[in-house]
Amino acid sequence: MTELKTNKQFADDSSEQYEQSAIDKFISIILCRGDFAKQKLDAKPVSFFQLFRFATTCDRFMLSISALLAIFTGIGQPMICLIGGKLTNVFLLTKTFERNDTFWYQAYIYVYLYASVGITMVITTTIQYICAKNASLNITCTMRQEYLKSLLRQEAAWFDQQKTGTLTAQLNANIEKIKDGIGDKVGMILRGVTMFLTCVIIGFIYDWRLTLVMFGTGPISAALLSTMARQMEHSSSMQSNTDGRAAAVLEESIMNVKTVAACNAQETMIKRYAATLKACRKFALHAYAFAGFFDGLFFLVLYVFFAAGFYYGAYLYQIRIIMNPGYIFAVANLIMFGSYNLGVLSPHLMAVLNARVAAAVIYKIIDRKPSFDSSSTDGMKVNEVKGGIEFQNVKFSYPKSKEHLVLNGLSWTAKPGDTVALVGHSGCGKSTSAIVG
């Protein structure tokens, strides 16, 4: 009697959770998303640069171009505020407009500068997005291929440990997260941070007093938008759960339509479905109410600081600390512009963190070494194989269910040149026989 046993243990399907790194927690707290800092992760995130592990030289070049253009755009967009301040000086400091060629000459200069900055931003942003998206598509396409290649190398016992549909679901869900995280999100983060720093630096150069008065706009804006996102996520989660129950009722009704009709339960199922939808509607209204309230509150804070900046700027202009009124408009718009872009960074940072976690899950499968590699070219190669296959009272079970014998005393013989068909119901051991043989 021959008994085949597989003693190797497989612990790939682990439910262990990980905490964020200190840097990730710090960034979450700085952006007023303390709930992110406490969040448990499904896998230990890879480093940011490991996201680009499968990037080719061409991909790295496109990503570098995208990053440089994002920084350039972040520096260039605040120039609109500076040009606006200069143009305001032309309007306010000109005493007479009739037959004043100097006024028109100066005004046209700033109008042309406005147009030039706008055209430049369109070109650079378009190239930035194209490069980032192309690189992310190439990288994730290579990841898909490596993932499938790794799956096809694994032994049958490992597949027996996995849940049905988990491997394909992991691939689709995590690849989309990686594509989202390494695509335009990195460029948005670079552009937003660069824009905020540029606005603050230029503001301090123009007038540090006025900049300090308006500097609180940034942290408060980030706190408000983060609070809004937190409330929206909670309401959306509750809405999604309720919507899932409604979908289950609908599916149950359609799949068992004959039973429903036979029991005359149409009205009952409709009432159940309507009641579930009503609960779902309540959570949706809560989410929209929170969104509207915090969105309005966000702009209220911006305009309050805007008004405070103009008031204090007018005072500084009155006592001749600020000599040009256009500087007041420039600084106020710069700080508002930078603060808004700082406030909307947290979703992009979370997308990158999700991509790092998703990459860890994908890399875990890609890097897994099977107990015996079917694609390996190592070992002795036999040029010509002659011989038969014989099973003599073979017993076989998988590690996941050792008490269940897939093959229980199987015996059969296949001589050279014979064609053997294995016939039986699902789970009787046809595929296992082919693998073991």
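Placed from the backbone N, Cα and C atoms, the Cβ positions cover glycine too.
Residues 52, 55, 107, 110-111, 113-114, 117, 120-121, 124-125, 127-129, 131-132, 134-135, 182, 186-188, 190-195, 198-199, 202, 324, 326-331, 333-334, 337-338 of the same chain lie 6+ residues outside the transmembrane segment (61-87) yet bring a C-beta within less than 8 angstroms of a C-beta in it. Positions annotated as transmembrane segment by TrEMBL: 61-87 (among others).
Per TrEMBL, domain 'ABC transmembrane type-1' is recorded for 65-354.
Marked as transmembrane segment by TrEMBL: 107-130 (among others).
The transmembrane segment feature in TrEMBL is assigned to 188-206 (among others). Sequence-distant contacts of the transmembrane segment (188-206) (same chain, six or more residues past either end, CB-CB distance under 8 Å): 67, 70-71, 73-75, 77-78, 81-82, 214-215, 218, 327, 330-331, 334-335, 337-339, 341-342, 344-345, 348-349, 352.
Annotation source TrEMBL lists transmembrane segment at 212-229 (among others).
TrEMBL lists 287-314 (among others) with the feature transmembrane segment. Residues of the same chain lying 6 or more positions beyond the ends of the transmembrane segment (287-314) and with a Cβ under 8 Å from any Cβ of it are 207, 209-210, 213-214, 216-217, 220-221, 224-225, 227-228, 231-232, 235-236, 239, 322, 327-328, 331-332, 335-336, 339-340, 343.
The feature transmembrane segment is assigned by TrEMBL to 326-346 (among others). For the transmembrane segment (326-346), same-chain residues at least 6 beyond its ends with a Cβ under 8 Å from one of its own Cβ atoms are 28, 31-33, 36, 77-78, 81-82, 84-90, 92, 188-189, 191-193, 195-200, 202-203, 206-207, 210-211, 214-215, 217-218, 221-222, 224-226, 229, 298, 302, 305-306, 309-310, 313-314, 316-317.
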